[in-house]
Amino acid sequence: MTDKSIKELALSVGRPVEKLLEQAREAGLPQRTADDIITTEQQDTLVNYLKKVHGQESGNTGKIALKRKTTSTAKVASTSGKAKTINVEVRKKQVFAKPNPEQIAAEAKARAEAEAKARAEQQAREAAEQKARLQTEQKAKATLDAMRAAHQQDSAAQSAPKAAVVVEKRGGGTVKPAPKPAETLEQKKAREAQTAQLKATEEAARRKAAEEAQQRTLEQMRKMASKYSNDDATATIRVIDDSPLASGLVGQAYEDSFNQEDREIKRGGATTNPRAGKKGGRRGQEEQSFVNHNKRGLKSSQANKHGFEKPVKKQVYDVEIGSSIVVADLAQKMAIKVREVIKTLMKMGELVNQNQTIDQDTAALVVEEMGHNPVLVSDTQAEDNLLEAAEEARGEQTTRPPVVTIMGHVDHGKTSLLDRIRRSKVAAGEAGGITQHIGAYHVETDKGIITFLDTPGHAAFTSMRARGAKATDIVVLVVAADDGVMPQTAEAIDHARAAGTPIIVAINKMDKESADPDRVLNELTTKEIVPEEWGGDVPVAKVSAHTGQGIDELLDLILIQSELMELKASAEGAAQGVVIEARVDKGRGAVTSILVQNGTLNIGDLVLAGSSYGRVRAMSDENGKPIKSAGPSIPVEILGLPEAPMAGDEVLVVNDEKKAREVADARADREREKRIERQSAMRLENIMASMGKKDVPTVNVVLRTDVRGTLEALNAALHELSTDEVKVRVISSGVGAITESDVILAESSEAVLLGFNVRADTAARQKSDQDGIDIRYYSIIYELIDDVKDAMSGKLAPEHRETILGVAQVREVFRSSKFGAAAGCMVMEGVIHRNKPIRVLRDDVVIFQGELESLRRYKDVVDEVRAGMECGLAVKGYNDIKPLDKIEVYDVQIVKRSL
């Protein structure tokens, strides 16, 4: 940077001079006018201040941030009791900072000091413990030696008289023991004292050991009790704790020694025969009683009694409730009569019959009111089971190619950029030069395979862009360097953020002279997209689809981002994916574009997509070449489905055709219920609210398109055209050629028949020519929308616009035998016409509205009188004209309105 004026600096960075002066003043710089010179140092100061304001420290922070995303699965228990596999996505962000040598040295020194201090404290503590242990051992040894010496002394004193035995038998004499010396009183007292002391010591040691054992037992029991929250476990622990048997380990062992039969006897229950225990309920007890009576020779009174008895307690059922349920089915599940359920619903304010359907929340309230347990279940249980089985059959996950979606505003060069990458010419063959379908392609580069999804940029294709963001790993946001951020650019940013997808910005059209990438970056910053070169985390590539500039750099950024994300998928097991687009081709049937996300799709697989299922009869890549299999992140087109599924539907390969039919039928039923609900007639409250109001004009439309995505976009765009004065109603819409039934429907409903990228078949053309039905064909979406707007404008009521032509003031009133009151007037402004409507104003208040009966200039009858001239006039049907009244002549023009 060099020294320059504030004006030159503002021009170079593309910012207003006033804004730059304000930022310089906030940064503490002395510049106050546009001609003041700012030095290089002052420019650095300003840049550092702006970085600090926007959340970045000045200078090089020496930090690098890495973002990683890992995907795994976990099994959880579902409401039906079966395990359910869910996807778990963990996103990590690690920031690595360059270490500071001084900081490292200080931390190492502090750590060494802390370790030395801890080591010294540990040594001191060990020495104190060793000393205390030695003292305790010495005291115990001294006590034990004293007790042993006293015991030996007592034993020696008792055995000493017995040892003195005199043998006097010499040749036949008798042997007599020596006489026992008499024990003195002092010796007896000493011996008794030693014995009592020894017993007391042993008793104290035994009592202490028992108390310690009891304390340990109770502590273990309290820990076990804390693990259980039910009252029975707590009560059991409390009983054991309070019982006399809990005085030690013997009590616990005594309690655990009871078997099941002994416990029944101890608690006062009846002892049951082990064999009879196999029979349950009252019937088993009766048979056991009969056996016992027969053993005693007695006759049983219950031998001939019926085995079933009416339950005394009310049965409580677990009632499974889906998203909706019929009233009769709900009553059957609770084993009650339908009228009881209807009574309960009437108390809740719902008037229904037994064949009507109620929602899940209402049904749950009814079940609780009737005293049963509602169990809320999902209507998609069969689908969840299929997905769970498919997940369990998957093999080891490996690295897969990234799926990249190209998004941006219309005419910013998305398809042209993709053509440059693919070395093809797709954009040249598109109607109007704009993309109106999602296109899927995969490109093989030197560093790997990349799958691209090209989305439309027109405002009507919002749902397409949202689907593209959900099915992708990386979003490449294309912004024209000469146009900047536009509405669909901001919308694409919102879709990417909602899907949690990383963004790479590609500034296109860099070869143009009007390219201004700095302005584009400034506008992106306002949308919180901060590029890496400005301290953010969004990679930016400056490219040109026309010259090929920056294409390699863009591909490198995509591959680096995919490596950081660690994208993985399993190539084994049943295939799983998403429908990108679907259409109906004549002679081929439904053609479905699929992006495989997991597993491998093969020819002959049974595919379930939305509410349709079928076997794959043929499969081709995006170029139309036949293939036999497709792995993860590969887009393919398949044939074999009976009808075109909706774009965005999940695709799954199943092994059981019966399960596939059940899931498809359930989805079709749900879709039909939603459609009937949307198209149902107005309810009573809506009819009452609309009474007294005029009928709103309606433009009826029968729509046919080539693909599902375009059909969805056009339906949404046409519904948004409706206003309070005129409505647009799509009578019928579908994918494929216009048929004879469409012409008949358009004739009966007085609808406009529109075809987008489709044509009418022979029967439909003959029928339309015969009945005079006009069929309109379109290939560009905004042309179709403009024509519908014109049709709506024709239904609008015309606007009546008034224009004041002239004003005359009454000067004198005369009486005429022919006209009654005649006024002599002076034309104040404009022109007074004889054949135009007039108003009579008195004190600027309208008192009469009508027309002139006569207009004369002197005695001549004239058609008009200009300003500044006198005239005489008579008002038809009004004679109360007074002087100073004003006669206002006006004209009403009918103006055709438009939207």
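Using the three backbone atoms N, Cα and C, a Cβ is placed for every residue, glycine included.
As written in Swiss-Prot, here are the features:
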| type | residues | note |
| --- | --- | --- |
| BINDING | 408-415, 454-458, 508-511 | GTP binding site |
| DOMAIN | 399-568 | domain 'tr-type G' |
| REGION | 115-137 | region 'Disordered' |
| REGION | 170-189 | region 'Disordered' |
| REGION | 262-309 | region 'Disordered' |
| REGION | 408-415 | region 'G1' |
| REGION | 433-437 | region 'G2' |
| REGION | 454-457 | region 'G3' |
| REGION | 508-511 | region 'G4' |
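Structural mapping of features recorded in Swiss-Prot.
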residue	record	DSSP class
G408	GTP binding site	strand
K414	GTP binding site	helix
T455	GTP binding site	coil
M510	GTP binding site	coil
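Under DSSP, the residues of the region 'Disordered' (115-137) split into helix, strand and coil as follows: 23 helix, 0 strand, 0 coil. Averaged over the region 'G1' (408-415), the predicted model has a pLDDT of 80.
Within 10 Å of the C-beta of K414 (GTP binding site) there are 30 other C-beta atoms, taking all protein chains into account.
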